[in-house]
Amino acid sequence: MSNSDPKTRPRPGPWPPAPEGSAMPASSWAKRTGFRPKFSGETNASDSGQISLPPRQREPDAQPDLEAGRVRQVPAVNGEPEGEKALPPPPQPSDKDQSVKKRRDSDGVPKSSGHGANGQAPASALPADPPPQSRRPVRNEEVVDVLPQNVDDDGLVNRHSHMKYELRDTPGLVPIGLYGFQHYLSMLGSLILIPLVIVPAMGGTHEDTANVLSTVLFVSGVTTLLHTSFGSRLPLIQGPSFIYLAPALAIINSPEFRGLNGNNFKHIMKELQGAIIIGSAFQAILGYSGLMSLISRLINPVVVSPTIAAVGLSFYSYGFPLVGTCLEIGAVQILLVVTFSLYLRKISIFGHRVFLIYAVPLGLAITWAAAFLLTEAGAYSYKGCDIHVPASNIISEHCRKHVSRMKHCRVDTSHALKSSPWFRFPYPLQWGTPVFTWKMAIVMCVVSIIASVDSVGSYHASSLLVASRPPTPGVLSRGIGLEGLSSVLAGLWGTGTGSTTLTENVHTIAVTKMGSRRAVELGACIFIVLSLVGKVGGFIASIPEVMVAALLCFMWAMLAALGLSNLRYSEAGSSRNIIIVGLSLFFSLSVPAYFQQYGISPNSNLSVPSYFQPYIVASHGPFRSSYGGLNYVLNTLLSLHMVVAFLVAVILDNTVPGSRGERGVYVWSNPEVARREPAIAKDYGLPFRISRVFRWVKWVGL
C-alpha cells in the first residue's frame with residue numbers, strides 16, 4: 001500500500017508538492033558507503049548479519065536520517081507520512097550553537113557544514129550531482145544508526161553541542177593555561193607508569209627511575225609541541241604508549257642480558273634505544289613516503305578495536321598479582337579510582353567534574369596519604385627486621401615472613417626524593433651510545449606499525465570532536481611521519497619506549513570538553529619546565545610499587561574499553577564484525593599463551609618474578625631453527641598479544657565480504673574539498689607557510 005515513488009503514489013489531498021530544496025542528495029554517506037536502512041517489517045536477518053528491529057510505537061519528534069545528513073520527519077499519528085503535508089518552517093538555530101556558527105561563517109564555511117556519519121561531510125559540502133527525484137519516508141520505516149546521534153555526556157557526542165573550546169579557540173592565557181595543565185594532569189597516569197615498570201625491571205635504582213621520569217616529561221612536552229605544529233595539528237599529547245611496554249619487557253628479559261656484570265640498567269637501556277631508533281625511523285619513512293595512505297585503507301574500526309583492546313588485556317598477569325602483595329592499600333587504590341570515575345562522575349565543583357577528570361591523581365593522593373599515616377604509625381614496622389637487609393641474609397623466620405609486606409606497603413623505602421637534585425637538564429645520549437641489534441630492531445619495526453594503527457583511530461575520533469572535518473590522507477601520513485621522528489628523539493634521549501599518540505587522549509578530550517590546540521601546547525611548555533626540576537621526577541619515583549600496579553589495573557582496563565569503543569563507527573551488531581572481533585581477541589590471548597608456556601616445566605625455578613615470566617619467551621619458544629636471530633624475532637612477535645590481534649583482524653576484515661557501512665570504513669576528507677574550504681586549511685595547514693615550500697610533496701599535506 002505504501003509506495004515511496006512520488007510520481008505514481010496518489011495524493012490524498014490538494015497539497016502542493018514538496019520544494020526541490022528538500023530532495024535527498026544522491027552522493028550521500030549512505031550511497032558512498034553502501035549502507036542500507038533496515039525496515040521494521042523485515043522478519044529475517046539481513047545479509048550483513050544485522051538483525052532488524054521489531055516494530056514499535058514511535059514518538060512524533062524528528063529523527064536524524066543518516067542518508068540525508070539531516071532531520072527526517074516521522075509519520076504522522078493518522079498514518080499519513082508527514083512529508084505529504086504542509087512543510088514546517090525550517091528550525092531556528094539554538095543559542096548554544098551561535099558561538100560555533102559565528103566562527104564557522106567567518107571561515108567561509110557553509111552553515112550546514114556539520115558532521116555526517118563517521119565524520120563524513122554532509123552532502124551540501126560535496127560536489128553537486130544532478131538533482132534526484134524527491135523521496136518521501138515510507139510508513140513505519142526504521143533506520144538503524146551506524147553512529148550514535150545523542151549519547152551520554154561522558155561519551156563522544158556531537159561536537160557542536162558539547163565542546164567548550166574547539167581546535168583553534170584561544171580564550172585567553174589564563175584559561176588555556178589552566179585547561180592545558182588539567183589536560184596533562186588527567187593524562188599523568190599514562191605518562192609516568194611505564195617508567196615505573198621498566199626501570200626496576202632493568203635493574204635500575206630509584207635515582208635512575210627519577211631521571212627517566214624527568215626525561216619522559218621533557219620529551220613528551222617537546223614532541224607534543226612538534227606534533228601540534230607540524231604533525232596532524234590535532235590536540236593530542238605525545239608520550240610513552242603502553243603499546244611499547246610489552247616489547248620493551250621482552251627485550252629486557254632477553255637471554256643475553258642475564259648474568260650481566262656492572263650496571264645492567266645502562267647496558268639494557270642502550271639496547272632499547274637502538275631498537276627504538278631503528279623502529280621509529282621505519283615509522284617516519286612509512287609516513288613521509290606516503291605508504292601510510294595506502295596502508296590506512298586496510299585499517300578500519302574492526303581492525304583498530306581488537307588491536308588496542310589486546311594491549312590492555314595483555315597485562316593481566318602483572319596487575320592484580322602485584323596488588324595482592326599489599327591488598328589493603330592496592331585494593332583501596334582501585335576502589336577509590338573506580339568510585340571517582342563512575343559513581344561520583346556527575347558531581348561538578350565550580351563547573352568542573354573534578355572526580356571524573358582527576359580520578360587517577362585524586363585516588364593516588366588519598367591512598368598515598370593513608371599509606372604514609374600507616375607507615376608513620378608503625379603498622380608495617382616489625383621488631384628486629386630491616387627492609388634494607390637482603391632476603392638471603394635474613395635468618396629470623398619472623399622477618400622472612402614480613403619482609404615482603406614491609407617492602408610493598410611502606411612508603412619510605414625509596415630515597416629518590418632526597419637524592420634527586422633540584423635542577424637537572426635531560427640531554428640526548430645520557431645513558432651512553434645506543435647499541436643497534438637487528439633482531440630487536442625488527443621487533444620494534446613491527447611494533448611501530450601497531451602504534452600507527454592506534455594513531456589512525458585516535459586521529460579520526462579526536463577530529464570528530466574538535467575539528468571541522470576529519471584529516472585528509474596526506475595529513476594522516478604527515479602525522480604518522482612526525483610520530484616516527486618523535487620516537488627517534490625519545491630513543492636518543494633514552495625514555496625506554498617510543499613516543500606516540502596516547503589512546504586515552506580521546507577520552508580526556510570528551511570528558512574535559514577542551515579541544516584547544518593552544519591549551520595543549522601551553523600544557524606541554526609547563527611540563528617541559530617541570531621536567532627540569534629534578535625533585536619532581538624524584539617525587540614521582542617514590543610512588544610505592546603496589547600503588548603503581550593498582551593504577552595500571554585501571555589504566556589497562558580503560559585502554560581495553562577505549563579500543564572496543566572504536567566499534568561504534570561500524571555496525572557493531574553485525575555477525576561478521578562480532579565473529580572477527582571475537583576471533584581476534586581470543587587468539588590474541590590464546591596464541592601468545594602457547595608461546596609463553598612452551599618448553600617451561602611446571603616446577604622450573606625461573607630467575608624473574610612471576611609477572612615477568614610471559615616476556616622471557618625468546619629463550620624457550622617453539623621456533624628453534626638454526627638461525628638464532630630468526631627464532632628470537634618469531635618467538636617474541638607471536639608472544640605479543642597486540643601483534644596476533646592485528647594480524648587476525650586485518651586479514652579477516654579485508655578478506656571477508658562486507659559493505660563499507662558495515663565495516664565502518666574510516667572516511668577521510670577529500671584533498672580537493674579541503675583546499676577549497678578555509679576552515680579545513682586553518683585546522684590542518686602547516687604554520688609559517690611551510691606548506692608552500694613542500695607543495696610538491698602532495699602525499700603529506702592537504
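Going from the start of the chain as shown, residues are counted 1 onward.
The backbone N, Cα and C atoms fix where each Cβ goes, glycine too.
Features as listed in TrEMBL:
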type     : residues : note
REGION   : 1-155    : region 'Disordered'
COMPBIAS : 41-51    : compositional bias 'Polar residues'
COMPBIAS : 94-108   : compositional bias 'Basic and acidic residues'
TRANSMEM : 184-203  : transmembrane segment
TRANSMEM : 209-227  : transmembrane segment
TRANSMEM : 234-252  : transmembrane segment
TRANSMEM : 272-291  : transmembrane segment
TRANSMEM : 322-343  : transmembrane segment
TRANSMEM : 355-374  : transmembrane segment
TRANSMEM : 435-453  : transmembrane segment
TRANSMEM : 519-540  : transmembrane segment
TRANSMEM : 546-565  : transmembrane segment
TRANSMEM : 577-595  : transmembrane segment
TRANSMEM : 632-652  : transmembrane segment
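Sequence-remote contacts of a segment are chain residues at least 6 beyond its ends whose Cβ falls under 8 Å from one of its Cβ atoms, and for the transmembrane segment (632-652) they are 243, 246-247, 250, 254, 298-299, 302-303, 305-311, 313-314, 439, 442-443, 446-447, 449-450, 453, 580-581, 583-585, 587-589, 591-592, 595-596, 614-615, 617-618, 621-623. Tertiary proximity for the transmembrane segment (272-291) is limited to same-chain residues at least six positions away from its ends with a CB under 8 Å from its CB atoms, namely 244, 248, 251-252, 431, 434-437, 440-441, 443-445, 447-449, 451-452, 477-488, 490-492, 494, 496-498, 697, 699-700. Relative to the transmembrane segment (519-540), the listed stretch 209-227 leads the set 209-227, 355-374, 546-565 in CB pairs under 8 A. With respect to Cβ pairs under 8 Å, the transmembrane segment (546-565) is most closely packed against 322-343, considering the stretches 209-227, 234-252, 322-343, 355-374, 435-453. For the transmembrane segment (322-343), the most Cβ-contacting stretch among 209-227, 234-252, 355-374, 435-453, 577-595 is 355-374 (pairs under 8 Å). Cβ atoms under 8 Å from those of the transmembrane segment (355-374) belong to residues 154, 182, 185-186, 188-189, 329, 332-333, 336-337, 340-341, 344-345, 347, 380, 409-411, 508, 511-512, 543-544, 547, 550-551, 554-555 of the same chain, restricted to positions at least 6 beyond its ends.
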